[in-house]
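Report on the following structure.
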């Protein structure tokens, strides 16, 4: 058996040598093939960058132009990178949504179903959209090429070469982040859906026009889309029509390509995005909507253009403690505040108050509201500057609660700022057809609204020379004007009521134009105002017809609605315009008698001042039954509150630092309307040292915030024990209207000297849930009878946790009051937690002593634990709590 030849020696044999040589010679050509293109591209970039320098020298331009061009290029590049970065971050969020939510659970830009329990997540719908997205893309591509492209070419002779060279809608499809369903008990024939739409697409759309190319390589669109299924039917297809619109302007960002990259230049990018947003808003944002009939033969006119559901009147009164923005060299300055008030596409701006951190506007704005719930009132405050206005804070109020409560007068804390409060009075005006609701006032406020449904016109003249009144026939026309006048007019309409003017769209080249648009006007005087209408030609810039219609002619019509064809003046004999005019009166309707007040300001029902007077000497405490005689004389607590409220109509409603009321100078019976609840006696003929207690129940007539008055000098109370019985009785009597008082009885010492042994003091808290802001509001009024830590008293402050949350970021803390055992804080804190979750939590309130670092003084002064599940948070509550070491009440 012959041995096998080894394989190793054959390796260096002849056949392998040429191969090695070939391998050793290969890197040379490859390296040269890679370096040459890179070298060419580098030289091209250098020449491209140096070209502006050469042109500047050749043209004799200054170096300033070079610096300006470089600055603009850097700015464009920065904006471009930022837009690409945001697009990549959005793609990353779509691909890793679960990890992102778990990591950034407490972020601000999370889907709505995380923050609001009534918004449902619909992953099943997203899976269906993903599955059918390729087929939808093919359908949209065919529609664009077959219908949209020919229409664009027909618009102008310069667009005849317009072509969509690429239509690719990408793999990323629209997503529904959450769905909220609204059901109206008053109208059971419709279903309303709010869809949180998010489209972060990788689409690529390219167009070409005369060898000029441009396009889009990415789109971001986010907004709330409302879908209304109305009316519901008893037979197939069970739904009459589908109405779609955005509640607010959607957020839009577009990544341009080709020559359209110029739209990303500084100053132009914001303008281009805003123009596209306005284009979408003109068709799909309230009050504009798209209605698609599902059942054949169904009249969808009222669905396409419905009447407003109401009008909200916003009284922009004042603001306090706004942030300082006009700082110079780090020194504190002032601000020049103004406010922007908006609802949907309706915007108003207040005047500017210069150099004032506590401005007073006293301005009134009126807005029409079309969808409740859905539309919100937005108020943004800015500091006016010459370059760019600084942001001072914002506020967003749900109009659904305002509609229920009719009138809301309250101070609101501003969001997204360090400090600042805004005082608003909101009035909900209902639309009525009753002739008795027609009022005339001289205050400049609206008394009615007029809704004009502009349908169409017929037999319009081609030009003013077609009038048959003989006025223009004698005039001669030039050849150019004759050629223009021979075509049908491109007409539009101008409608004016008072000082407000609207312009319709232009219908090109038609004697019988169809507009089908709606316009709404505020009317100050129905008897004096009229609707002025002009039909104008867009090309000849002349009037084709005029109509002046007094609004008082609508009053005899049924349901204050007039629909007919109107003859145009200064037009052809048979030139008519078809309209439907609807008039509605405005009035603030009162709440039903006996219904509980459950609005956003359920605390405010006054103010109700109850004055208690005591003297140092010569006054004997009345028996307990006499002290409470007037209080308990009525069996109906609501009637007591009503009677007490009537007696203070002439008292100022301001709640900031109220002054004590003057005392009577002589003996006599006390008036029961005002001071029947004193429960104290007065000694005639002696000088009194009054101590006033304000039981402030803020309400619709109270413009001020929830605030306690300053403590006054404390007299001696030899009859302090009966007072302890009087104050709780007053709280219980007023619990029907609102159990949440601003009980500022800080001047009463309810504990005798010996009874304080073993007690740590008391703290007064006012707690309620504000439905408008979806937050729990805690007002720390003050403390009394605290334990001294030094010979000068203590330096107390209050710390609050909303258990079980104990993070440092969620802690609320008042300011420190120096050297006092009865501090008055009057500080408000808000916890933004849904109502359903608040009822499962509790408040941990601790009073502490501020001490320097390393000091051995006492830190804890007392603690209170409040179980919120046992409280009525909508009405609210206000009371004194005894401080204990562990927060639990003493047995």
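Backbone N, Cα and C define each Cβ position, glycine as well.
The Ca(2+) 1 binding site annotation in Swiss-Prot covers 325, 326, 383, 385, 390. Counting every protein chain shown, the number of other Cβ atoms lying within 10 Å of the Cβ of residue 390 (Ca(2+) 1 binding site) is 17. Mapped onto three states, the DSSP output places residue 390 (Ca(2+) 1 binding site) in strand.
What Swiss-Prot records for 659-670 is compositional bias 'Pro residues'.
The feature domain 'C2 1' is assigned by Swiss-Prot to 292-412, with sequence analysis given as support.
Annotation source Swiss-Prot lists domain 'C2 3' at 759-881. Counted with DSSP, the domain 'C2 3' (759-881) comes out as 7 helix, 60 strand, 56 coil.
According to Swiss-Prot, the region 'Disordered' annotation covers 1-30 (among others).
The annotation region 'Disordered' is assigned in Swiss-Prot to 652-711 (among others).
Taken as a whole, the topological domain 'Cytoplasmic' (1-32) shows an average pLDDT of 47 in this prediction. Summarising the annotation, Swiss-Prot assigns topological domain 'Cytoplasmic' to 1-32 (among others) and lists sequence analysis as the type of evidence.
Annotation comment: Swiss-Prot describes 76-891 (among others) as topological domain 'Cytoplasmic', evidence class sequence analysis.
Under 8 Å from some Cβ of the transmembrane segment (33-53) lie the Cβ atoms of residues 66, 69, all in the same chain and six or more residues away from its ends. Annotation source Swiss-Prot lists transmembrane segment at 33-53 (among others).
Residues or ranges marked as transmembrane segment in Swiss-Prot: 55-75 (among others).
Other Cβ atoms within 10 Å of the Cβ of residue 385 (Ca(2+) 1 binding site), summed over all protein chains shown, number 12. Long-range Cβ proximity for residue 383 (Ca(2+) 1 binding site), meaning a same-chain Cβ under 8 A and a gap of 6 or more residues, is found for 325, 326, 335, 336, 337, 389, 390, 391, 392. Remark: secondary structure over the domain 'C2 1' (292-412) totals 11 helix, 64 strand, 46 coil, with classes taken from DSSP. Other residues of the same chain near the Ca(2+) 1 site, with their Cβ within 8 Å of the Cβ centroid of 325, 326, 383, 385, 390, are 335, 336, 382, 384, 389, 392. Most Cβ neighbours within 10 Å, among the binding-site residues 325, 326: 325 holds that distinction in the structure as shown.
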